[in-house]
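Per TrEMBL, the features are:
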BINDING   30, 31, 32, 33, 34, 35, 36, 37  ATP binding site
DOMAIN    3-373  domain 'RecF/RecN/SMC N-terminal'
REGION    397-468  region 'Disordered'
């Protein structure tokens, strides 16, 4: 797969961007805060309906504007599709494929596929469960686009159930002694059934991804850090003990043991039973304590969890391993994702840079952002097309602009090199403030889904839940 063109209007710092791309390596270079990461963020948003930088859609729309428009044309095995997305600062987003309107932005999932490497990836190892769930769900939805809708429905049901637990606490505690209590309990039964059904599908799909990606994780980590302990994964849930009673062992793993799998039906029945067991406690707490919104993936090194025990170098190796393994899994599934390397080379030592260079050599298309050209390894600089990005202050605010494409670094001194594929490289852009990007906030009450139909990104329906 490769992206042939990217068009932006009022997205972050870009008032407009009309960019033609080719297979191979493309580098967006320029000072930090000038808008280069916004380009790859837009592509990632089209791929996942979520941003790796912020949670709310309003941060993606240029200051003073009501909406941003994103379009990308992707070529996959000779088939060309264009994904169009209108992102509203407030309200419901809309989408189209080619010229046909979609029922939901989720219909875009699968048209563009990306694998992103970014400095924030260290949080996959050292951060909270939310980051690992998001990583897992990104892969899950890419493999099974239908799960995007399941996640969104789960988050909506979770919000409603939590609202009922808080709003009707007194009635629920009275139980069947009062009419209000009886009605509240009947409503809670409805939400229990919905959450169990949807949550069972999410858990089962996640476990399938953990099962399938595990061999890639083990082999890749061994190649990156041969002197370290073996890497392996374990999915852990809020119903591990109940599943253990059925002989299904979650929450633990070993290098020589395959991760467990659970059918949606078994997961649903187990969740429903746990809702019944914890009902009194959840009524007292006013929140949902069971479900995939509280699950995690334990990253193991030997017999110890990487979080808390891995060195800084081991943590970086593990984070890099997860992204490389995701790329390999997508490739094994028959789809070659676009590889995005967002300002990551400056964070890596020589050995880890080499592994990314090897990945770039395998991928059909690689998009790189870097503050200076020298951050790019020589092997990539020699074959890359460069797009310098800069920002300037105008009457319309601070906008980003992009220069025409320059040839590989080795040819720049001899004069402009012809861009691969015969394009003339006259890519233009305009834009406004927002190049910096806000940090992602911690919010752990949904299944960390990307329900763009709600007008939010990445947290459609997130609710503050204790513990995660």
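Numbering starts at 1 and runs along the chain as displayed.
Glycine is no exception: its Cβ is also placed from the backbone N, Cα and C atoms.
Comparing local CB density within 10 A for the binding-site residues 30, 31, 33, 35, the maximum falls on 35. Most Cβ neighbours within 10 Å, among the binding-site residues 34, 36: 36 holds that distinction in the structure as shown.
Most Cβ neighbours within 10 Å among the binding-site residues 32, 37: this distinction goes to 37. Model confidence over the domain 'RecF/RecN/SMC N-terminal' (3-373) is summarised by a mean pLDDT of 93.
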